[in-house]
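Contents: one structure, followed by commentary.
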Amino acid sequence: MMKFTKQNFFFLVGGMIIYIIDIGVDFWVASKYFCQGQYSWSILILCFRGLSSLITQIFSYEWFKNDWEGTDTRKLKLVFLVHLFQCGIFIRYWFALKYGCQAAFKQTSSRDASETDLSNFIQKQAIDAVTDINMLRVFKTFLETTPQLFLQIYVLMEHGKINLYQCAAIVMSFCGISLSMVDYQISLRKSLPDKDEFRASSKFMYLFYKLLTITSWILSISLITLLSVRISAILLVFLWVCGFTWTLKQHTTFCKSKKMEYLYRTVVGIILIFSFFNIKGRRTKVCISIYYVTHTVVTLGISFVYMFWKPAIFKEICFRIVSILTILSLVLGIIFLVVYYSHFHPTTYCRPQAYSDEVDGVAGQKDRVKTGRFQNFLMQ
């Protein structure tokens, strides 16, 4: 098992601070839109925030219930009330900071077997606590942060001017997506014994691959939304149906109950609208190729439609700038993707036997208790 370091602890503290700031920025932006009479934007921001919070609280409480099965029911009732008031994530941060501080600052090397076992236990508790937070942040990223980034870019394109609060929302969205993606991969490598280390160079390559492809796709959706909100909505629903259907065919086994499993698959369908994730932990060269080829074709198709249609609501200079940014971020994102999987993916510079293709299904279930929830989570 990898160790929980001081650097991990400081990243955890930074992540919590950004999470709190993000909440404040959301309400600030929503109030600004409301005061300007743009009620639809204000309501949409609050809806994204509310939906994200509700779903993450449901999953967080369900995980507490599974982990504390057979313990004091009064403790679970208190945890339920905290989650009911949408504050469950702060309980998780408290546990993560508690165990993380012990693991990073108070653990000393010892030859005594009992002290070594205690040290390993605290290390595992710290890693598991941070892992749960990062899984919830992945949900939040694609249920709230990414849609909000899309909304702010769309509003910016429609009105052609940007305000301070819009800048703050866009910056926080990019920060949220970036931290979520990298922290997710770090937690994946730390919590699963069959996963290889994640070097600094790999983190940057993975970050740019994800961030650029997501940015390109958001710009494309914003363009099609400017042309027709109905067409954009139909496209997004169609992509969600495709993603949800794919998760059904993969027979995911992340949750213990069928209801929670279907909720999980619904959320994964939303995630797959914006970015590819391997939900089975197996090699998916064909699937990821199909996914990004489809995104490339749709992105180019949208650009060609604008090139020939030239809607009056969109100035030519703005179209050129957005088109260049869209195509450039797409091309760079694909380049980073190819380079990452060719030279920087952990399986390319670590021992081949350290990689395990089969981590889900029946085989994955046997080690579920030992390796934690990540064994059956989004695995890429």
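Just so you know, the numbers here start at 1 and follow the chain as drawn.
Any Cβ shown, glycine's included, is placed from N, Cα and C.
For reference, TrEMBL has these:
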| type | residues | note |
| --- | --- | --- |
| TRANSMEM | 9-29 | transmembrane segment |
| TRANSMEM | 41-64 | transmembrane segment |
| TRANSMEM | 76-95 | transmembrane segment |
| TRANSMEM | 162-184 | transmembrane segment |
| TRANSMEM | 204-225 | transmembrane segment |
| TRANSMEM | 231-248 | transmembrane segment |
| TRANSMEM | 260-277 | transmembrane segment |
| TRANSMEM | 289-309 | transmembrane segment |
| TRANSMEM | 321-341 | transmembrane segment |
Chain residues in Cβ proximity to the transmembrane segment (9-29) (below 8 Å; excluding those fewer than six residues from its ends, i.e. six or more beyond): 45-46, 49, 89, 93, 96-97, 100-101, 103-105, 130, 133, 137, 145, 148, 152, 165-166, 168-169, 172, 175-176, 179, 183
Maximum Cβ pairs under 8 Å to the transmembrane segment (231-248) - stretch from the list 204-225, 289-309, 321-341: 204-225
Long-range neighbours of the transmembrane segment (76-95), counting only residues six or more past its ends (CB under 8 A): 12, 16, 19, 53-54, 56-58, 60-61, 64-65, 68, 125, 129, 132-133, 136
